[in-house]
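Report on the following structure.
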Amino acid sequence: MSNAIRRRPDARLIMLLGALAACGPIGTDMYLPSMPSVAESLGTSASAVQWTLTSFLSGFSLGMLLYGPLSDSLGRRPVLLGGIVLFTVAGAGCFVAPSIGSLIVLRFLQALGAGAASVLSRAIARDAHEPADAAKVLSMVAIVTSVGPLLAPLLGGQILRFAGWRMVFVVLTLFGIGCTIAAFLKVPETWPKARRKSSAILQSFMAYGRILRDPVAWGHMLCGGMAFASMLTYITATPFVYIEYFHVSPQHYGLLFGLNIAGIMIGNFINTRAVGRFGSLRLISAASLISCIASFCVAFFSLTGIGGLWSIVAGLFFVVGVIGLLSANCSTDLMHRYPHNAGAAAAVFGAMQLGLGAVASAVVGLLADGTPFGMGVTIAITGALCFLGRRLVIRWHGRPVRGD
């Protein structure tokens, strides 16, 4: 990386990169309180509206796989700017979408653009700083990014209170315009021409193939991916379960959503303190067990109605709270297993998380019947498969890697 631009950590650049990385989470979470209103406005079912979230996750997952190799070949800036422009234009299209079908397509394109901002903001942070500073900078970018999903549903609920659901996409479009201008003016090119390779795309896909043939990799992806899928099940189902079934207001929904974001932050804090003492494998085992037990508790409360809303909220707090811990340890272990293809390993892991999340959100949409039933069943399945992934990791962890 000797040809890359190196600099000391810059608070303004870190704030901007964090805002860019938040395009995906904000694009998802600000929209959540509006989903019941979208169904009513477009004259469609809750299940159909949930497909707008599935399409968003699918587009974001595809972007995770494509933009890293593309930027290795073409440079960071042009790919980043192209992605943000796509996010912005598709957001404007969502504002005028005449039907649920067009909204589903436009949400896919919006997420495809957001994927560039998410992937390349982190790549630029890594490129632009010395290794000693890069880890600290990436942590600071992650902290800035985490503010997005904490505030977005609260803002979305307030927008819905004073205006219609389409106004959410006006705000997202304005956010995209601001990010485009700021990135054009302030984000440097950190991947010089001397380092670009026309074969980067082919090499990345060859690395993807090696990783996908490894049972240990599948264990990590299943464990971390199904934990993430449980959160996406929660995100897809709770706008209807909380707002329509339990009659929670859109504004209070944002507060309940923020409670689970706080749970993720607590889990991440525990991980930073515990991983050095206990190691990642023990934490993966403990967290996957908690996820499995809490998932079955959510299913039990959803099916029986015992405890009402608050028993489900409590169970979901533990389901969601261990997601950051599982994602961090599973992804880190996978990248350490492939030190020469760590970028490809991270991309496959992220894409698998989003892909499994898209499948889970589709399943909960198909099972939706106006009650918590579909959410409870889907979360129980994700919890069981998360624990199965943990068993694969423990069983095959010592297996040597081929071809890295």
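Cβ atoms are placed via backbone N, Cα and C, with glycine included.
Feature annotation from TrEMBL assigns domain 'Major facilitator superfamily (MFS) profile' to 11-401.
Annotation comment: TrEMBL describes 51-67 (among others) as transmembrane segment. Within its own chain, the transmembrane segment (51-67) has Cβ neighbours under 8 Å at 24, 27-28, 31, 35, 38, 79, 83, 100, 103-105, 107-116, 118-120, 208, 232, 235-236, 347-348, 350-355, 357-358, 361-362, 365, counting only residues six or more beyond its boundaries.
What TrEMBL records for 79-98 (among others) is transmembrane segment.
The feature transmembrane segment is assigned by TrEMBL to 104-125 (among others).
Positions annotated as transmembrane segment by TrEMBL: 137-155 (among others).
The transmembrane segment annotation in TrEMBL covers 167-187 (among others).
If you look at the transmembrane segment (216-241), the same-chain residues 6 or more away from its ends with a CB under 8 A from one of its CBs are 28-29, 32-36, 46, 50, 53-54, 57, 253, 256-257, 260, 284, 287-288, 291, 295, 312, 316, 319-320, 322-323, 326-327, 329-331, 333-334, 337-338, 345, 348-349, 352-361, 363-365, 368, 370-372, 374-375, 378-379, 382-383, 385-397, 399. TrEMBL lists 216-241 (among others) with the feature transmembrane segment.
Under the heading transmembrane segment, TrEMBL lists 253-271 (among others).
The feature transmembrane segment is assigned by TrEMBL to 283-303 (among others). Beyond the transmembrane segment (283-303), the same-chain residues lying 6 or more positions past its ends with a Cβ under 8 Å from any Cβ of the stretch are 223, 227, 230, 267, 271, 274-275, 311-312, 315-316, 318-319, 322-323, 325-326, 329-330, 333, 371-373, 375-377, 379-380, 382-384, 386-387, 389-390, 393-394.
What TrEMBL records for 309-330 (among others) is transmembrane segment. Only residues 6 or more beyond the boundaries of the transmembrane segment (309-330), in the same chain, are considered here, and those with a CB under 8 A from a CB of the stretch are 220-221, 223-224, 227-228, 230-231, 234, 238, 241-242, 246, 248, 256, 259-260, 263-268, 270-271, 275, 280, 283-284, 287-288, 290-291, 293-295, 297-298, 301-302, 349, 353, 372, 379, 383, 386, 393.
Taken from TrEMBL, the feature transmembrane segment covers 342-367 (among others). Below 8 angstroms of C-beta separation, residues 46-48, 50-51, 53-54, 57-58, 60-62, 64-65, 68, 119, 204, 207-208, 211-212, 217, 220-221, 224-226, 228-233, 235-237, 327, 330-331, 334-336, 373-375, 377-378, 381-382 of the same chain, each at least six residues beyond the ends of the transmembrane segment (342-367), sit close to that stretch.
Per TrEMBL, transmembrane segment is recorded for 373-393 (among others).
Across the candidate stretches 104-125, 167-187, 373-393, the maximum count of CB pairs under 8 A to the transmembrane segment (79-98) is reached by 104-125.
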